[in-house]
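Asks: Quick one: structure below, then a few questions.
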Amino acid sequence: MAAIGSLVFCTDCGNLLDGSAGKQNAILTCQVCGAQCKDTSSKTIITRSKPTAFPSALRAKRSEVQTINEADMQTRAITKETCEKCGREEVRYYTQQLRSADEGTTVFYECECGHKWNTNN
């Protein structure tokens, strides 16, 4: 019999065997081929390893990781939309679902001149 975790398999035919429900020294019998063996699923094996046992290229590059804040991130896309105030032809935008799910999203535009407006899709 071979045990994988709490599952016990017959080593002769590979059939999954019924467990002994934690009884020590239980003998399991394979219903397919009739082989008999002790139940080994009740054994508990604990393994521990050190983090250094598994080297990681990512862990080695921790010092190269850059930290940025939200102000550094560009969170809005650019589109060709004319600003009504200054006439600039490219503005930043983002979308947000403000109404019910079966209706379109609201598009918020923002120009570098500070003018803001929105449209409903």
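Heads up, the Cβ atoms here are built off N, Cα and C, so glycines get one too.
Residues or ranges marked as Zn(2+) 1 binding site by TrEMBL: Cys10, Cys13, Cys30, Cys33. Taken from TrEMBL, the feature zinc finger applies to 10-33. Taken from TrEMBL, the feature domain 'TFIIS-type' applies to 79-118. Annotation source TrEMBL lists Zn(2+) 2 binding site at Cys83, Cys86, Cys111, Cys113.
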Asks: What is the number of other Cβ atoms found within 10 Å of the Cβ of Cys33 (Zn(2+) 1 binding site)?
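Replies: Neighbour count, Cβ to Cβ under the 10 Å cut-off: 12.
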Asks: For the recorded Zn(2+) 1 site formed by Cys10, Cys13, Cys30, Cys33, which further same-chain residues have Cβ atoms within 8 Å of the site's Cβ center?
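Replies: The surrounding set, listed in chain order, is Thr11, Asp12, Gly14, Asn15, Leu17, Gln31, Val32, Gly34, Ala35.
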Asks: Report, as numbers and ranges, every residue of the chain located at least six residues beyond the domain 'TFIIS-type' (79-118) whose Cβ falls under 8 Å of a Cβ in that stretch; write 'none' if there are none.
Replies: none
Asks: Just the number: how many Å between the Cα atoms of Cys33 (Zn(2+) 1 binding site) and Cys83 (Zn(2+) 2 binding site)?
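Replies: With the alpha carbons as reference points, the distance is 81 Å.
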Asks: Please list, in sequence order, every residue of the chain apart from Cys83, Cys86, Cys111, Cys113 whose Cβ lies within 8 Å of the Cβ centroid of the Zn(2+) 2 site.
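Replies: Those within range, site residues removed, are Glu84, Lys85, Gly87, Arg88, Val91, Glu112, Gly114, His115.
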Asks: Just name the most isolated of the binding-site residues Cys10, Cys111, Cys113, going by other Cβ atoms within 10 Å of its Cβ.
Replies: Cys113
Asks: Of the binding-site residues listed here (Cys83, Cys86, Cys111, Cys113), which is spatially closest to Cys10 (Zn(2+) 1 binding site) when Cα positions are compared?
Replies: Cys111
